[in-house]
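Asker: Let me begin by handing over the structure; questions about it come next.
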Amino acid sequence: MNDSPALTYTSYLALDEVLGAQRPRSDEHDEMLFIVIHQVYELWFKQILHELGYVQDRLAAGDTAHASRGLRRVLTVLKVVVAQIDVLETMTPSQFAGFRARLDAASGFESAQFRELEAVLGRRDEQVFRHYPEGSEARRRIADAMSRPSLCDSFRAYLRVCGYPVLERSDVRQPVQPSAELQATLLRVYADDAGPALLCEQLVDLDEGMQEWRYRHVQMVRRTIGDKAGTGGSSGAAYLRTTLFTPAFPDLWAVRSKL
Ligand code: HEM
Ligand SMILES: N[C@@H](CC(=O)c1ccccc1NC=O)C(=O)O
């Protein structure tokens with residue numbers, strides 16, 4: 001006999017936990033929006049990471065159709081999270097200033113899932129660990145992602161399975177370097193104009209999507225706090241501008257002038 005309580009909408013979705021997790025630190029009306037927006041971001045980051053794990057698996061298996069479907073889902077989620085910046089931009093600079101001090105030194109620098117996403121996309125930068133205590137779960141997850149093949153490495157493996165001459169990178173813990181050999185292969189992939197070429201375009205879409213997010217974030221920062229320094233200790237917008245143009249797939253960008 002099953003004597004556990006009947007499943008309900010509320011229990012299945014753990015809504016007591018989710019809806020009990022908004023704890024503003026001030027009485028300012030807008031702080032609720034600030035919290036909810038960030039929580040929604042973190043949920044979507046979780047889904048994107050989940051989906052990219054699947055995409056990497058399908059790429060390694062040479063499964064174009066399912067890798068492509070997974071990427072399409074990631075790209076669609078990315079559109080949603082970029083679009084929701086509009087919602088946060090309904091908050092004025094003075095409304096944000098009303099509770100900003102209550103954020104202390106907390107900042108987006110501490111978004112472990114965002115750093116994990118960057119690592120899956122190939123970022124290999126020990127600097128990010130500064131914000132995560134040694135031995136913490138978050139630090140371990142980011143370090144793990146940095147020591148696994150990146151999406152770019154999975155794409156290279158996929159091209160190999162498809163019969164293209166792509167060497168395995170000797171150390172996936174190192175950042176990708178632009179490669180003349182890979183670029184020559186990509187020209188063939190595009191000339192063949194089959195499934196792999198379609199995936200190339202989706203990966204370019206992914207790079208563009210991440211760049212769109214960074215651009216919209218920095219513009220939101222500029223309109224909300226101007227050139228104030230960040231709560232996380234950076235110069236703020238000036239720092240964020242330096243992060244705008246680091247592609248995950250440099251070779252896919254490098255070949256565009258030859259297509
Ligand atoms: C009023 C809204 C926001 C402002 C003023 C703002 C401001 C900033 C600033 C100044 C930084 C640099 C770190 C620092 O020194 O503090 C930063 C970083 C960051 N923020 Fe925001 N932010 C806002 C909303 C968001 C939202 C909604 C997200 C979504 C998760 C987010 C995610 C991040 C991430 C991931 C970083 C690290 C970026 C990197 O190092 O490349 N921020 N933010
Ligand atoms: N870094 C922002 C504060 C901020 O936006 C923030 C603070 C706590 C948790 C998440 C945040 N969002 C992204 O940086 C600032 O300097 O105003």
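Here the Cβ of each residue, glycine as well, is placed from N, Cα and C on the backbone.
Sharing the record's features from TrEMBL:
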- Phe34, Ile35, Val36, Ile37, His38, Arg100, Thr231: substrate binding site (BINDING)
- His217: heme binding site (BINDING)
Asker: So if I take the binding-site residues (Phe34, Ile35, Val36, Ile37, Arg100) and measure from each Cβ to the nearest atom of ligand 1, which come out below 6 Å?
Answerer: Ile37
Asker: Secondary structure at Thr231 (substrate binding site) (DSSP, helix/strand/coil)?
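Answerer: The residue in question, Thr231 (substrate binding site), is coil (DSSP, three-state).
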Asker: Do me a favour and check the Cα-Cα span between His38 (substrate binding site) and His217 (heme binding site); whole Å is fine.
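Answerer: Computed Cα spacing between His38 (substrate binding site) and His217 (heme binding site) is 12 Å.
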Asker: In angstrom units, rounded to an integer, how far apart are the Cα atoms of Arg100 (substrate binding site) and His217 (heme binding site)?
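Answerer: Taking the Cα atoms only, Arg100 (substrate binding site) lies 17 Å from His217 (heme binding site).
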Asker: Of the binding-site residues Ile35, Ile37, His217, Thr231, which ones put their CB under 6 Å from ligand 2?
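Answerer: Near the molecule: Thr231.
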Asker: From the Cα of His217 (heme binding site) across to the Cα of Ile35 (substrate binding site), what is the distance in angstrom?
Answerer: 16
Asker: Any idea what the Cα distance is from the residue listed as 'heme binding site' over to Phe34 (substrate binding site), rounded to a whole Å?
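Answerer: With the alpha carbons as reference points, the distance is 14 Å.
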Asker: Let's check the environment of His217 (heme binding site): how many other CB atoms sit within 10 Å of its CB?
Answerer: 18
Asker: Pairwise over Phe34, Ile35, Val36, Ile37, His38, Arg100, Thr231, annotated as binding substrate, what's the top Cα to Cα distance to the nearest Å?
Answerer: 19
